[in-house]
Amino acid sequence: MVTASVLHVLNDAFKLTESVLWISGVIGLIYLVRCFKKASLLHYNLKTILINYSIAIAVIGCGRLIMNADSFALSYGTGLPNPSCRVGFLLGKITFLAALLVGISCFFFFTIERTVATFIPKKYEQLKKTGKGAAFFIIYWLTCICASSALGLTFYMNSSHCDLQALANSALFLHANRDFLLCLATLGSFGNAVNVTLLFSLYKLNQKRRKKVAPCSINTRYQYTENILTMRFLIVVSVLNFFSASVVVILLIVHRYARNHELQKDEDIVFTEQYIQVIPAFYVNCYSFVCMRMHRPNKDQFLRDLRKIPCFRSIAPVPVPRVKAIDGTVLPSTNEGSLYFTYLALQWKVKAELE
C-alpha cells in the first residue's frame, strides 16, 4: 500500500519532470516558430498552420508551468487553497482548452492544405501571400476562446466537489466529466489515425505524380517535391500524436474504471493526472526535434545559428545550393520566384527541341 507521503514525493517528482520538459519544449517551440518564419521553401498557408500549431502547444506548456508552480506552492502550504475553486484559475483553464482546440484542429488543416497542394499544384504554388490565412487564424483563435469559455464556465458552475480546505492540486480530473475526457482523447486518437492514413496516401500519390511530370515543368515538379518532403515530417509528427493520444486513452480507461469502482482516492487521482501530463510534455520535445531534423531549411538555420556560438564555430558552414542553367548561368536555389522557374523551364524546353 502506497502511503500518502510516498505519493506526495512521487507526485512532486513527476511534476518537476514535466516542468523541466515543458521549459525545454517551450524554448524549442519559440525557436521553431522563428525558423518557420524564415523558411522560404514552405508555402505561406502551410507555414501559417505550422506557426499557429507551435504557438498553441507553447501556450499549453505555459499554462501547465503556471499550474505546476501553483501546485508546488500549495503542496508546501504557500498560497491560497484549492486552485480549482478560484475564479482566477478558471482563466488559465480556458486558455489551456482554447489552445488545445487550436492544436487539434491544425492537424486536420495540414491534411486539407496538402490535399489542395496535391491536386492543383501549379495554381497553388503560384498563390501569393494575401493575409487571409492570418485573418482566418485570428478569427479561429477567438472562436476557440469563446467555446472553451463556455465549457469552462459550465464545468465551474456545475461542480459540486470544490473543497476550499483541500490542497488538491488537480485542475482537471477532480473537477471534470471523466466520460467527456475519455471521449475527447479517443476522438483525438482516432482522428490522428485517420490523419496518418490520409497523409501517407497523399505522400504516395505525390510520388507517382512527380514521376509523370515532364522535366521541363519545373513549377509543378517543385510543388510535388515540396509536398513529398513536407509530408514526411508531418507523417512522423502525426504518428507521434497517435501514440501519445493512445497512451492517454489507455490510462484514462484505467483511471475511469478505478474511480467508478472507488479504487482510487482523490490523492491517487492527482498522482494519476500528474504522470499522464508528462506524456504531452515529452511529445513537445519530440515534435521540435522532428521538425528541426526532418525539415532541411530548419536544420540549416539551426546550424547557422549554432556557428554563431564561439565553441561551435568549427562546424562547417552550410553551403548555399546553386543550380546551373544550360547556358552556364548559375542561379542560387534560394531564389524561388516564378521568374526563376520560368527561366529554367524555358532553357530546358529550348534544349529539348534542339535535340
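Glycine is no exception: its Cβ is also placed from the backbone N, Cα and C atoms.
Curation does not apply to TrEMBL; its annotations are automatic.
Pulled from TrEMBL, these are the features on record:
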type     : residues : note
TRANSMEM : 20-36    : transmembrane segment
TRANSMEM : 48-67    : transmembrane segment
TRANSMEM : 87-112   : transmembrane segment
TRANSMEM : 133-159  : transmembrane segment
TRANSMEM : 179-203  : transmembrane segment
TRANSMEM : 233-254  : transmembrane segment
TRANSMEM : 274-292  : transmembrane segment
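Packing against the transmembrane segment (233-254) from elsewhere in the chain are residues 107, 110, 114, 178, 181-182, 185-186, 188-189, 192-193, 195-196, 199-200, 203, 272, 275-276, 279-280, 282-283, 286-287, 290-291, 294-295: each is 6 or more residues past its ends and has a CB under 8 Å from a CB in it. Away from its own ends, the transmembrane segment (20-36) comes close to residues 42, 47, 50-51, 54-55, 57-58, 61-62, 64-65, 68, 278, 281-282, 284-285, 288-289, 291-292, 297-298, 301-302 of its chain (Cβ-Cβ under 8 Å, at least six residues beyond either end).
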